[in-house]
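Copied over from TrEMBL:
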DOMAIN    6-320  domain 'FAD dependent oxidoreductase'
BINDING   Thr43, Ser44, Ala48, Gly49, Leu50  FAD binding site
BINDING   Tyr225, Arg279  D-dopa binding site
Amino acid sequence: MDSASICILGGGVIGLTAALTLQERLPNASFTLIAEKFTTETTSDGAAGLFYPFASFQTSSFELSRQIVKESYEFYENLLAAEGAVTGITETSGYILSNISPEEVECPLLEGAVPEYRILSSEEVAKCPGSWKYGCFLKSLLINGRLFLPWALGRYQERGGKIIQRRISGFTDLVPFKFDVIINCFGLGAQKLCEDCDLVPVRGQVIKVSAPWVKQFYLVDDSIYVIPGFETTLGGCKNYNNYSLNIEKDTSDHIWRKCTELVPSLKNCAVLREWVGLRPHRAPIRLETEMVEIDGCELKVVHNYGHGSQGVTTAPGCANVCLRYVLQILGLDVVSR
């Protein structure tokens, strides 16, 4: 059944990477991507794009989480080698610093996934900007959503994928299409679509500035970070269960003060814009199959949502899990990647 009709719900990084992964493995299938918003209108667009899995990312097991992170890095690394900077992917390096505890700078999910990840000695920490007790150094990747999302959407369409821009109020809306499989990458929209009370928004606010002289990233306590790129991103905040999309001046002032203390040269940079987004958080993420029955019709659904601020970092690996589920549903041989 490799000529199946497959639907992907959601036009952000989770949905687009799932679509590309499925297209590559199932070239004879027909694909329809349904979303109300695409590219610059999605939460993925405002993401700083640093490949770094925070402790808030959880799946059904640590082993699966580690596999997802490793496969995601391989995806972006291979894409950079094959397609170059047009994808919005670049190499980067930087520091995670803390005064709270050694665990704050440790990330077991990164071990074996990135080119370099190591805990800093006290002497090395002392050389970092600011005053810190603990730190680690990391070589990683930046995935610029403003470039990657349009590239991914374009590649999806080049492969014959169809797009429908519309609001989906419930699975009932999908019954007339008679899709063989539906991949639910609806982000926060899954809260209503699936009546999922475990899915909550985590409000994030950032300042985008022009600071091309900043070459390394810094992640420190209190959700503060400086991440260079096409635009340098100053952040941030994590406001759980907060639905406000308004720019809060107190938060902006806090971010600006903390980031300019960390990197004083930022005081001279030009502010390009400010951004607020609601990140769809669920612990663990929902990555599983479900048979949804509606008016006698049975919809085969693969859920893939709840990644919070980890969407960019984990999207490709989660797409691989979705692929395995889809192959099982369609009765095709599962090929390990």
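Placed from the backbone N, Cα and C atoms, the Cβ positions cover glycine too.
Those TrEMBL annotations? Automatic predictions, nothing curated.
Features recorded in TrEMBL, as mapped to the structure shown.
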residue: Thr43; record: FAD binding site; Cβ contacts under 8 Å, 6 or more apart: Gly12, Gly187, Leu188, Gly277, Leu278, Arg279, Pro280, Gly311
residue: Ser44; record: FAD binding site; Cβ contacts under 8 Å, 6 or more apart: Gly12, Val13, Ile14, Gly145, Leu149, Gly311, Val312
residue: Ala48; record: FAD binding site; Cβ contacts under 8 Å, 6 or more apart: Leu142, Val206, Tyr225, Ile227, Gly229, Thr233, Gly235
residue: Gly49; record: FAD binding site; Cβ contacts under 8 Å, 6 or more apart: Gly88, Leu142, Ile143, Asn144, Gly145, Phe148, Ile227, Gly229, Val312
residue: Leu50; record: FAD binding site; Cβ contacts under 8 Å, 6 or more apart: Thr92, Ser140, Leu141, Leu142, Phe217, Leu219, Tyr225, Ile227, Thr313
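The FAD site is defined by Thr43, Ser44, Ala48, Gly49, Leu50, and by the 8 Å test on Cβ atoms against their centroid, the other residues of the chain that qualify are Val13, Asp45, Gly46, Ala47, Ile143, Gly145, Thr233, Ser309, Gly311, Val312. Here the domain 'FAD dependent oxidoreductase' (6-320) has a mean pLDDT of 96 out of 100. The number of other Cβ atoms within 10 Å of the Cβ belonging to Arg279 (D-dopa binding site), over all protein chains shown, comes to 25.
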